[in-house]
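**Student:** Just lifted these from TrEMBL, have a look:
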type: ACT_SITE; residues: Asp164; note: active site, proton acceptor
type: BINDING; residues: Pro112, Leu113, Gly114, Ala115, Gly116, Leu117, Gly118, Ser119, Ser120, Ala121, Ala122; note: ATP binding site
type: DOMAIN; residues: 2-37; note: domain 'Galactokinase N-terminal'
type: DOMAIN; residues: 84-172; note: domain 'GHMP kinase N-terminal'
type: DOMAIN; residues: 237-300; note: domain 'GHMP kinase C-terminal'
Amino acid sequence: MVVSSAPGKVYLFGEHAVVYGEPAVPCAIERRARVTVEARDDDSLRVHAEDLSLDGFTVEYSDGSDDDPDVDVSESLVDAAMGYIDAAVEQARDAANAPDAGFDITIESEIPLGAGLGSSAAVTTAGIHAATRELGVELPTEEVAERAYQAELEVQGGDASRADTFCSATGGAVRVEGDDCRAIEAPDLPFVIGFDGGAGDTGRLVAGVRALREEYDFAADTVESIGDVVRYGEQVLAEGDIEELGRLMNFNHGLLEALGVSSRSLDQMVWAARDAGALGSKLTGAGGGGCIVALDPTDSTETALDYTPGCEDAFRAELDTDGVRVEET
Ligand code: MEV
């Protein structure tokens, strides 16, 4: 048996635009998905998952089973999560040259599903890491990241960047531009997260931005403007000017809003954070619902979000400098 874990992440800047080759800066956070993998005697796959939303739920799932899972999040989200697990298992089988390997897999996650905190990348990355080690193969971190990216590409129908999976594999703050993925230095960033209890459909949101970008030149310009914000944001990050970073996050949110990927509850949380004195706030991840990230070294934003209609949970998140790792063997 091997247990591996990998962190979730927030986007300081650059989601969506990164799909079109603009740079992005995701940062790993200390909320992890743990995946336990045990080889089976046959070639089947059984998955047991718990805590995939902040409320937590348990689902027993196995290939070919007709049982309806007993869950408190939508079945389509569970199906999506299982799609990532299937793709991760295929990658592990391929890496270990063991096409018939079967596994019992248990997933425990502190990262809500589909909420913009990189749950699928964390589960996929930790799953590939644990399953390959269970088969006796130790992949370098870069290869785990590459295979997790291939798995995401497959599940998301060919539209995904390397940002989520690379960040989850390596931890820390990273910069991703096309195939160029690297770690970067970051000052202590006082992240506060607000979660509306919902989720967005990443594939649909990414497709929506693609369609808008093809229809309107100014939507294509908006995507490029996000790239400009990120390029300037990298300099500001290197200088450690947190106040200016906050202003840029506000800019970035406005541009994402223009691309149609925000929602009423995300905007409500973004404004509640700003009204409470946050240095900046924006949606994080694909949008449509889920989480916002704000910068605030004081308790004000977390307190304000606790009282904001539409905000189900608010919490502080620390940068996690550890990427995918073995927890137990
Ligand atoms: C989703 O977490 C981030 C997006 O930029 C998609 C991607 O990068 O693959 C919306």
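Just so you know, glycine gets a Cβ as well, placed from its N, Cα and C.
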**Student:** Which whole-number value in Å describes the distance between the Cα atoms of Pro112 (ATP binding site) and Asp164 (active site, proton acceptor)?
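**Tutor:** Here the two Cα atoms lie 15 Å apart.
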**Student:** In the same chain, which residues outside the set Pro112, Leu113, Gly114, Ala115, Gly116, Leu117, Gly118, Ser119, Ser120, Ala121, Ala122 have their CB within 8 A of the centroid of the CB atoms that define the ATP site?
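**Tutor:** Sorted by sequence, the hits are Gly8, Ile111, Gly285, Gly290.
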**Student:** Which entry in the list of binding-site residues, Pro112, Gly114, Gly116, Gly118, has its Cβ near the fewest other Cβ atoms, using 10 Å as the limit?
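**Tutor:** Sparsest of the binding-site residues Pro112, Gly114, Gly116, Gly118 by Cβ contacts within 10 Å: Gly114.
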**Student:** Can you list which of these recorded positions (Pro112, Gly114, Ser120, Ala122, Asp164) have a Cβ closer than 6 Å to ligand 1?
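**Tutor:** By the Cβ criterion, which requires under 6 Å to ligand 1, the hits are Asp164.
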**Student:** Average the per-residue pLDDT over the domain 'Galactokinase N-terminal' (2-37) and send me the rounded value.
**Tutor:** 97
**Student:** Just the number: how many Å between the Cα atoms of Gly116 (ATP binding site) and the residue listed as 'active site, proton acceptor'?
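**Tutor:** So the Cα of the residue listed as 'active site, proton acceptor' lies 10 Å away from that of Gly116 (ATP binding site).
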**Student:** Count the Cβ atoms, other than its own, that fall within 10 Å of the Cβ of Ser120 (ATP binding site), considering every protein chain shown.
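**Tutor:** There are 30 of them.
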**Student:** How big is the Cα-to-Cα gap, in Å, between Ser120 (ATP binding site) and Asp164 (active site, proton acceptor)?
**Tutor:** 9
**Student:** Please report the DSSP secondary structure of Ser120 (ATP binding site), reduced to three states.
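**Tutor:** For Ser120 (ATP binding site) - judged by DSSP and reduced to three states - the answer is helix.
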**Student:** DSSP-wise, what's the residue breakdown of the domain 'GHMP kinase C-terminal' (237-300) into helix, strand and coil?
**Tutor:** 33 helix, 9 strand, 22 coil
